[in-house]
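Q: Before I ask anything, let me first share the structure, which is written out below as structure tokens.
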Amino acid sequence: MTISIDKSVKKAEPSIFDLCDDWLKRDRFVFIGWSGLLLLPCAYFALGGFFTGNTFVTSWYTHGLASSYLEGCNVLTAAVSTPSNAMGHSLLLLWGPEAQGDFTRWCQLGGLWTFTALHGAFGLIGFMLRQFEIARAVKIRPYNAIAFSGPIAVFVSVFLIYPLGQQSWFFAPSFGVAAIFRFILFFQGFHNWTLNPFHMMGVAGVLGAALLCAIHGATVENTLFEDGDAANTFRAFNPTQSEETYSMVTANRFWSQIFGVAFANKRWLHFFMLFVPVTGLWMSAIGVVGLALNLRAYDFVSQEIRAAEDPEFETFYTKNLLLNEGIRAWMAAQDQPHENLVFPEEVLPRGNAL
């Protein structure tokens with residue numbers, strides 16, 4: 001007796017999710033992925049808002065300033081400025097009660113700033129998710145995405161959390177080079193930011209990372225190629241040699257002779273290079289969150305009291321406090337004209353009086 005077995009297995013119809021997943025993760029020149037659904041439109045709108053504001057939109061109604069190429073600014077002085085203080089923390093939606101669907105009025109009120117800031121934040125988050133997604137696809141660990149959390153933390157703390165802790169979006173940085181410089185001066189004058197321990201950790205992390213990057217790049221470059229006999233150093237390294245001669249042992253021996261210590265293995269070396277800048281950025285972001293709550297930096301009150309009592313006693317610290325007072329006196333009246341702040345002539349710093 002012959003028994004026939006039907007081996008055909010009926011496959012389930014792919015769901016809409018499966019079809020979308022297949023299309024999004026298809027191998028193409030520019031990977032899209034699920035993260036691309038967040039990244040690509042947000043990055044497009046953020047960059048579009050930035051370039052539109054820089055090119056066409058004035059800050060006359062929000063800061064009393066010219067801030068566009070159309071008004072005569074250049075690439076360093078143009079900016080997408082924050083909304084006026086009167087707008088508070090409104091999202092300034094185009095269809096909201098402030099602009100009421102009027103695009104021109106929306107631009108005048110500073111709507112492009114909230115548009116750019118929010119789309120920029122979600123665009124950065126989308127880029128981090130993109131790194132997670134591709135790392136999973138090619139089966140590597142997601143340390144790139146974890147490292148990118150540092151820039152995201154700084155952006156969100158400076159552009160979103162800090163102004164949320166203050167009166168309004170007005171106190172956030174505008175999107176422009178000179179505008180960021182003004183914001184840095186504001187941070188110093190009103191928060192004594194350079195004496196904040198979190199700022200110190202941030203500087204140590206960023207500059208330390210630059211030093212580590214330079215040392216690491218030079219060391220690897222030094223050991224990639226075999227040294228030759230030519231008198232000229234650059235002729236001695238032959239980039240056309242058949243094999244690289246990179247050696248962790250050689251590099252370890254070099255730095256052991258230089259410093260007396262060296263990294264024992266590649267994993268610890270590269271984790272340290274990851275840890276230093278990311279921790280620095282996170283510490284800086286935490287410090288900015290503290291400033292949003294108006295937490296103070298270091299105060300050396302004993303020096304302040306002695307400087308007030310003894311005209312011959314002055315330190316760099318007390319001198320910096322005087323400079324901060326000057327920044328506040330000049331900047332508050334000019335930067336917040338709506339407050340109608342008036343300072344008597346005798347309290348304003350003049351020339352080299354500081």
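Using N, Cα and C of the backbone, Cβ positions are placed for all residues, glycine too.
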Q: Suppose you had to name the range Swiss-Prot annotates as transmembrane segment; which of 24-40, 109-125, 126-142 would you pick?
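A: My reading of Swiss-Prot: the transmembrane segment range is 126-142.
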Q: Relative to the Cα of HIS216 (Fe cation binding site), which of the binding-site residues GLN131, ASN144, HIS199 has the closest Cα?
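A: For HIS216 (Fe cation binding site), the closest Cα among GLN131, ASN144, HIS199 is found at ASN144.
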Q: Spatially, and counting Cα to Cα, which of the binding-site residues is closest to HIS270 (Fe cation binding site)? Options: GLN131, ASN144, HIS199.
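A: So, spelling it out, the nearest of the binding-site residues is ASN144.
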Q: Give me the stretch from 126-142, 154-167, 209-229, 280-296 with the greatest number of Cβ pairs under 8 Å to the transmembrane segment (42-62).
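A: By Cβ pairs under 8 Å, 126-142 leads among 126-142, 154-167, 209-229, 280-296.
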Q: Taking contact to mean three or more C-beta pairs under 8 angstroms, with sequence separation of 6 or more, is the transmembrane segment (280-296) in contact with the transmembrane segment (126-142)?
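A: Not in contact, no.
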Q: Six or more residues beyond either end and a Cβ under 8 Å away: which residues meet both conditions relative to the transmembrane segment (126-142)?
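A: Same-chain contacts beyond the ends: 25, 31, 33-36, 38-40, 42-43, 148-149, 152.
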